[in-house]
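What follows is one structure encoded as structure tokens, with my remarks underneath.
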Amino acid sequence: MQAEQTRCAAARGSAEMESLWHAAPGDEEIPLHPPPTPGAMSLESDSSLDTLAEKIECDLMDLLGDMGPPCDIDEEEDQLFAEALPPLYSQPTENPPPPNAANSIPEQAGKQPAEGKTNTERNERPMRRKRREDGDVGQPNPRRRTHARSRSPRAGSTSSQQPPSSSGGARKPCVRREAGDRETSEKPARGKYCAPFPRQAPHQCQSPPAQTASQKPPPRPQRPPSTTAYSPDRTPHDHQERRHEGAGKMIRSVVTKQDARKPPRRVPHRGCGTGRHGRRTPEKWGAPPSMVVPLKFTREYWEKHRNELKKPVWRDYSRSACTARDPARAHDSGAECPPTEKRDERRTCAPSQPRWLREDRNAARFFDKAKDAFGGLALPTDDMCTRNRDLLRAMADEVVDDDDCEDLDLTRQMCFPTMIGPQSRAAGPVGARMDSWSELCRRAAFLKARWSSQPSVTRVARAVRSLYLTNCSFDELLEACDETLTWMLWHQFEDERLCPHDPIFSNIYALVQGLVTRLGAVLHCHLAASKSPLADPTRTSELPLQSATCPLTLFLTFADRFARVMHGHPHVTLVGHKIVDHEGVLRTLYLPGMCARKIPVVLDQHANVCRKEECRLLCAQLLGKQYTVGKFLCCDLYA
């Protein structure tokens, strides 16, 4: 009976509160309690009034907004309210049991709603809130913040006494939380579940602006794909997508922020990509070609001017009258300039097939591809040796010619005696070989003056002498040894200072290396047999020229002394001749031409006394001048 009266009172109180809410204007104060009636006073008791006050207070707090969680709500009511909330707002314990049918359904069935609180009444508040947001009910003023929650005696209440709370203590005033504040650890613990405030679903608790901000923006309308492969209103990335679609797989291009800011560029249609660079492929429409190949390097130009393009660019050729490009020059010289085809046939002849190619089928099948490699069987008919000899003579003329040169041919023949051309206008034959000491002194003085005053002549002479010593024969190598000792002897005779960087002294090392290479094991065996100090590899002191036992050891001792003196002074340009030969022993032991005449005799004597087959064989090969003994195969199929 008591429960029935409580429910009836709660229903009447809720109806009266709703009527008062509809009747109250938006900016006026809302009365906390309706005026008491005599019928209601007779039926209400202390417990029913307490329940009604709690109901009205919750309704007011729902209308006023988020004022903070209540501090003394019953634990049973919290558990029931947590059931009504979605799973997102129910905070379980640290290790909740896994949800399954075995442990969740019996627990829900065993729970009973609390007395005076039904699920229908709890669900009415969200529905009324929803109707107010839709516009059915007048919206309250959000700026009104009145009536802090407290349990002090209310004005107009029929009961002046306050019933004790479930916790046994007095109510504490709730403090309103501002938007954006975080919950601190000072919030009191409230049982197994802690339900947030206000007690509505998350989509109902938010204000209309917050709901609008949380919603996802509608998807942007996509442009339908174009049916044509290339259109002027599409970007280069769209064209790339269309090209990938044809392969059966859509590959979208990665568009960066910088590309997104660029305005769309109009792309020409297929076949319209022409301009000053010529026709281009669709892939290169966006940028000019990286390199424009000139007409000079086309295949047709190369086939037509093959011989001209194959010439080294550093060679300054003097064209003959028949090959001159200027017809006037050809006419003045009395020769007729032949056409290009005849000139090509004269320069490069294509002979008929060799006899082995016509008769030997096995060889023709075996060399089917090799006969066409690197230009095939066509060979140049020009005399390569004559052409390069003329080129070397032209380079010598260039370095020799100066203001003091009266006769170019004579000056060239004096500086480079072996460079004697067929058009020489010299009075007499000029060569490197001389039979008198006075003639040698005149030639040596001329070379000394030229090498000291013209560095270009010195540079060219040094280079050609180094190549000569590397490729000369054994007899020429012995003559080079005589040339070095004679040059030293002339400096002693004229009391001239030595120049370590002249063409003769600067190539002493190359001369010694040539001797060691050609003599090989014979040199080591001869030095050991004659007990020469040169055979000691650990020697650190200089050897005197008096220690020489033969012309070969004399030259090697002189080269050793000269190298040791110049090793400590690499940048010295002039050195006294007494540093190398202080006592002048060389002029007492050496006569010009001794090396070329006496060293072969020394090798022959060593071959007679040595028992090693290697020494006898090597000496016989060098002295017998049978340089063709080492050739075993010589086949020339181009003939």
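Numbers run from 1 along the shown chain.
Heads up, the Cβ atoms here are built off N, Cα and C, so glycines get one too.
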Candidates C472, C481, C499, C525, the one Swiss-Prot lists with H606, C610, C615 as binding Zn(2+): C525
Around the Cβ of C525 (Zn(2+) binding site), the count of other Cβ atoms that are within 10 Å: 18
Composition by DSSP (helix, strand, coil) of residues within the zinc finger (525-615): 54 helix, 1 strand, 36 coil
For the zinc finger (525-615), the mean pLDDT of the predicted model: 89
Which of C610, C615, all binding-site residues, has a Cβ with the fewest other Cβ atoms inside 10 Å: C610
